[in-house]
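Now, the feature entries from Swiss-Prot:
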- Leu133, Gly137, His138, Leu139: (6S)-5,6,7,8-tetrahydrofolate binding site (BINDING)
- Lys242: N6-(pyridoxal phosphate)lysine (MOD_RES)
- His241: site 'Plays an important role in substrate specificity' (SITE)
Amino acid sequence: MSAGTAADKHFSNSFFAAPLTEADPEIAEAVAKELGRQQHEIELIASENIVSRAVLEAQGSVLTNKYAEGYPGRRYYGGCQFVDIAEDLAIERAKRLFDCGFANVQPNSGSQANQGVFLALMQPGDTFLGLDLAAGGHLTHGAPPNVSGKWFKPVSYTVRREDQRIDMEQVAQLAQEHKPKVIIAGGSGYPRHWDFAKFREIADSVGAYFMVDMAHFAGLVAAGVHPSPFPHAHVATTTTHKTLRGPRGGMILTNDEALAKKFNSAIFPGLQGGPLMHVIAGKAVAFGEALKPEFKIYARQVVENARALADTLISGGYDITSGGTDNHLMLVDLQRKGLTGKAAEAALSRAHITCNKNGVPFDTQKPTITSGIRLGTPAGTSRGFGVAEFKQIGGFIVEVLDGLAAKGEAGDSAVEADVKTRVHALTDRFPIYG
């Protein structure tokens, strides 16, 4: 065997056969540590979930090798006949899940899905209406640093101070005053249902498009445990992770064929080139899972668990914005306890409970500090936690935060260590990827 042939064989064997632990031990170690974190800590970040092994397998498949600019049957590259199958399945399953006529599954994120809608429906400088970030909106709904706040003219509505519910009178007043091109319902920190019919009525009164960003509650909509944006919305955007429990990505849904064509053009070639076909395959798998009866049981449990967690925290003396939750998330207002979200997040992290600091309506703290934390139940529910477990978790949180309030920013190390031990005992009862 010549030296060249031997080298070629060695390259082929190692390149295509070497596992990650051999090919890149540093990355392998980081992955292993992250797996351990997910297995042994309680995940309460509302935007996170735990996907099935089937979704992981699809996303880590050879479809990552394929470029496929365009749409199924209309690609700019050859060899797309099999990735077309994956995308067609994702599209058809999405349409069944949300009972709509058109779906674009190519956006790489919820943010890009929103950008696609903006590109299709507005011109730079046009006005749109969205929920204020401080009241539970999202960066892509007009925050000044975001492209939505730089290229367009956002006008923000907020919640009522007395009950932290959407102020629909203000929405109507602002719509009449500013005549927006688009009105958005949806956000990242609003725990109540949205009055989609009233939003559409307001949009129609000023000739605006009504857009729903259901990134956080799409899985609940798919399962029928949350009101659907359709038939009220002209367009709905979503992520495909969060409550939908798929890979990280985005999607645009509509019943309007003319708008669907605009959204398709906005995503490709407007914003993206070749779509991530391995991620689209993962989306198809997740949508297939969401069409099964088991997913409805899961989604109902997500909501029941969230209510149980909120009730436990209220019983423990903590304030929940709007007094509770209708979906998978809640905001804990820590102002009455004299705590910041930053300190609470750190204390809970030391006890192996993961959440995120979050602003609360009319917050006076900086966004990097905040007066609250956001909690969600999707990931815990995916691993099997029920109402009893979330009541227990609520008790853990009360213990840690009470210790923080008593001891100061360093927290109560003895309480945190004790809670961490009980957290591990709980997660050991509900293993993932074992």
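Heads up, the Cβ atoms here are built off N, Cα and C, so glycines get one too.
Gly137 ((6S)-5,6,7,8-tetrahydrofolate binding site) sits 16 Å from Lys242 (N6-(pyridoxal phosphate)lysine), taking the Cα positions as reference. With respect to Cβ neighbours within 10 Å, the binding-site residues Leu133, Leu139 differ, and Leu139 shows the lowest count.
Counting Cβ atoms from all protein chains shown, His138 ((6S)-5,6,7,8-tetrahydrofolate binding site) has 24 others lying within 10 Å of its own Cβ. Following the DSSP three-state reduction, the secondary structure of Leu133 ((6S)-5,6,7,8-tetrahydrofolate binding site) is helix. Listed in sequence order, the residues of the same chain lying 6 or more apart from His241 (site 'Plays an important role in substrate specificity') and placing their CB within less than 8 Å of its CB are Ser47, Glu48, Asn49, Val51, Pro247, Arg248, Gly249.
DSSP assigns Lys242 (N6-(pyridoxal phosphate)lysine) to a helix.
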